[in-house]
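Engineer: Got a structure for you, questions after.
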Amino acid sequence: MARGAEPAGERRRCGSVVAYFTSAKFLLYLGHALSTWGDRMWHFAVSVFLVELYGNSLLLTAVYGLVVAGSVLLLGAIIGDWVDKNSRLKVAQTSLVVQNASVILCGVILMVIFLFKTQLLTLYHGWLLTMCYILVITIANIANLASTATAITIQRDWIVVVAGEDRSKLADMNATIRRIDQLTNILAPMAVGQIMTFGSPMIGCGFISGWNLMSMCVEYLLLWKVYQKTPTLALKSAKVEESELKQLNVKKESDMKPAEGVQLIVEKDVTGFEPRQEKEVSCGARIAEPFITFRDGWVAYYNQPVFLAGMGLAFLYMTVLGFDCITTGYAYTQGLSGSVLSLLMGASAVTGIMGTVAFTWLRRKCGLVRTGLISGVAQFACLVLCAVSVFMPGSPMDLTVSPFADISARLFESEPLATIASPEDKPEMFFATGMPNLLNGSTTPATSDPEMSPEPVPLISVSLLFAGVIAARVGLWSFDLTVTQLLQENVVESERGIINGVQNSMNYLLDLLHFIMVILAPNPEAFGLLVLISVSFVAMGHVMYFRFAQKTLGKQLFACRTPDPKVSDSSPTGNTSTV
């Protein structure tokens, strides 16, 4: 019996392993990993390519960032509305193909520019090369918009359907998706960076184009398999008019009790739909339709019961306390080397993964809404270290120095601007803040004299700053997952696309404001002021979430009794029977 039981047990274990690796959940993870890897490689490489092409100037990179942020801000609601109005498979496949095809086309154009830049400079007084730059930025922006559509439909809709009614499973899937994001955010830029370092930018372009071509085919197949394994993906709620409701003759769906004003429809051809004569739409109405969609999307977002939670998350984007180019450049001016920064980035990835683990544990113990409260308090408590660092030895903060000093110098002291450089010209890239040339690995400040040996800067301030930033990522990612799941659970299916599109627009709006803030105060003496402003915005975001939690949980906000794990306390409708 024992001998026979062992093979049977092994067969069951093998069967469960095979079942997991062929499940819709795992295939969704795999597709997301491939998509995110390609995205992270491209976002890292395109900025470096644009700097390299424009004579080591940040102008094209700044223009690209502004175009991307502005496009998502203006078109986020329209993209979300398109996601809502079309079948899930069509949206996922279309956005996937457009995104990868745009990246491939951009890579090809960049390869041509790298090969024939000298010849293009002489044609039409350089205007042909300028048009190539405009074309690259435009196509890259289209790729980013398609990536936004993919993120909305997969991470905000498909994952909810695959998880079904099991909210614990949804929380675990959200956490796994974030872990994949954290890992690829570190590993993908490292991989493509090595290829560009030991090869050339042109080889990097070719590698990214080839990767996206292969990845697109695999992701397309994975999407189809997930769609086949999850029949409920073929059912999608859509808003319909009362006159249309009378024409529907679908009996089975009536037992599923859809939300008020929402009708479940099958994406395939359904018998019982009577053909309806389309009304003639005037040209003016067609022109006004995107603007109406934009307005309706923001109004619908404002009217959501989770509006304050979403706004709280958006306010967290108005910060310089992250591992972006701004904080990295500031760290260089404070004497940190590239190797130290790479270790700090790795530590931030580890704490980010710890945040996803903390989210799943806290949600099981305390419920979803309280998880957001605990995460917010933890993040803010860690960011207090950043605020304290502003006043510690080594901090360059000096309120007597005007934040606009560098801008005034550049505008009124006739400092020449960077121009398009030929491949033979290799001017050094200097920042207004004295930041180093990140392309050639130099860590010498732009304003320093190489013959002089500057006094070492005390590291107490910058150490406290990065200790706070790294530790705060545990609470940050736990809070992000909390708000993400609140949006997934409390936004009706027919509005998931447009509401998440507006949420992305809000995130980009606050992110854009933080870049404008840095442009207005770029000198190192003002960075401490930017830190204090960032901590203030994070605090305001968590105050908004606290107000949302107070409305949701009511008088039993601080109840200690653990909620029933089968029922979530995330419903903001005022039903607190489980709290």
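Placement of Cβ uses the backbone N, Cα and C atoms for every residue, glycine included.
Checked TrEMBL, it gives:
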- 17-38: transmembrane segment (TRANSMEM)
- 58-83: transmembrane segment (TRANSMEM)
- 95-116: transmembrane segment (TRANSMEM)
- 122-146: transmembrane segment (TRANSMEM)
- 306-332: transmembrane segment (TRANSMEM)
- 338-361: transmembrane segment (TRANSMEM)
- 373-392: transmembrane segment (TRANSMEM)
- 457-476: transmembrane segment (TRANSMEM)
- 497-520: transmembrane segment (TRANSMEM)
- 526-546: transmembrane segment (TRANSMEM)
Engineer: As a test: from 306-332, 338-361, 373-392, pick the stretch that has the greatest number of Cβ pairs under 8 Å with the transmembrane segment (497-520).
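Structural biologist: Highest pair count goes to 306-332.
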Engineer: Report, as numbers and ranges, which residues of the same chain sit near the transmembrane segment (338-361): CB under 8 Å and 6 or more residues beyond its ends.
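Structural biologist: For the transmembrane segment (338-361), the nonlocal Cβ contacts are 171-172, 174-176, 178-179, 182-183, 185-186, 323, 328, 331-332, 371, 375, 441, 443, 466, 469-471, 473-478, 481-482.
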Engineer: What same-chain residues lie close to the transmembrane segment (373-392): Cβ under 8 Å, and 6 or more beyond its ends?
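Structural biologist: Distant Cβ neighbours of the transmembrane segment (373-392) are 312, 321, 355, 358-359, 362, 366, 460-465, 467-469, 471-472, 474-476, 478-479, 482, 528, 531-532, 534-535, 538-539, 541-542, 545-546, 549.
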Engineer: Under 8 angstroms for C-beta pairs, at least 3 of them, ignoring pairs fewer than 6 apart in sequence. Is the transmembrane segment (306-332) in contact with the transmembrane segment (526-546) by that rule?
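Structural biologist: Yes, the stretches contact each other.
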